[in-house]
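Annotated features in TrEMBL:
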| type | residues | note |
| --- | --- | --- |
| COMPBIAS | 278-290 | compositional bias 'Basic and acidic residues' |
| COMPBIAS | 294-305 | compositional bias 'Polar residues' |
| REGION | 278-305 | region 'Disordered' |
| TRANSMEM | 12-37 | transmembrane segment |
| TRANSMEM | 49-65 | transmembrane segment |
| TRANSMEM | 71-95 | transmembrane segment |
| TRANSMEM | 107-126 | transmembrane segment |
| TRANSMEM | 138-159 | transmembrane segment |
| TRANSMEM | 171-188 | transmembrane segment |
| TRANSMEM | 194-215 | transmembrane segment |
Amino acid sequence: MAPVADSHHPLAFTFGVLGNLVSTMVYLAPVPTFYRIYRKKSTEGFHSVPYLVAMFSSMLWFYYASLKKNAILLITINSFGSFAEMTYIVIFVVYAPKDARKLTVKLFGIMNVGLFTLILVLSHFLVSRAYRVPVLGWINVAISTSVFAAPLSIVAQVIRTRSVEFMPFRLSFFLTLSAVMWFAYGLFLKDICIAIPNVLGFALGLLQMLLYAMYRNRKQEIIEDHEKKLPAATPDHVKNIVIIATLAASELHPVDAQPNNRNDDGDVNNNVAVTEANEHEQTDDHRHVENASVELQPNETPSAV
């Protein structure tokens, strides 16, 4: 292999090394996500598409760097990237539900195996050596754009649910920083295929971080608003409400109201007193009638006035 061209471009070499370091952090950013998947034995709401696309891009950039002269820094980072993304995909497949597992395996076979092999064969046999690197470079431009846009598959979910629970901030941040480093690297090497996709990558990374800043506290606000509204919906004169909190929502179960204040106790006591008084009067009347019947003998008649 020819000497590393970065030695002729100190700034390109510097940004290339920084790009390797930052991109390593990009590839390691999902580690907490997959540790969570491993710990909970569930992929929850996470998607495998960003990792499949990232691995596909790393494979293509590795192939591009192997054909292009003096691109050792691209080879090192994309070798590590391919290994890291493959590890994530394996973990996802192990803990994903049946439908998500089948979709991931299907996409891996179509894109990472089938499409990559097709590009490899066509570029080797149908494209001349002089045009092989430029053609493959523009293919990488398109794929790299998809890599930066892949995390945006979660953006619709973030906007719909107003929650960033399933949009990893670390990945968005390091993708943005990595885009800056690799843009400078491609600029100093005068490789437009490296520089162009990182312009879009920087813009998309900023968009993701903006959404994170907008919605990162939204979930807590919704919970607090919900708790504030509950007392207003359950006044004292309405039936008592038993609130059973679940992960999905709160279910409301009405139960029979029980007297629990002094006014209710007073009303009940008054009613009992009135009832007892009525019974006492009826008892006195009954006794009076009995006494009258005792005084009247069968052979006697009441005297007329």
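Yeah, the Cβs are placed from backbone N, Cα and C, and that goes for glycine too.
Those TrEMBL annotations? Automatic predictions, nothing curated.
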Dominant neighbour of the transmembrane segment (49-65) in 12-37, 107-126, 194-215, by Cβ pairs under 8 Å: 107-126
Chain residues in Cβ proximity to the transmembrane segment (171-188) (below 8 Å; excluding those fewer than six residues from its ends, i.e. six or more beyond): 9, 11-12, 15-16, 18-19, 22-23, 25-26, 29-30, 50, 73, 148, 151, 194-196, 198-199, 201-202, 204-206, 208-209, 212
Long-range Cβ neighbours of the transmembrane segment (107-126) (under 8 Å; 6 or more residues past either end): 48-49, 52-53, 55-56, 59-60, 63, 89, 132, 135-136, 139
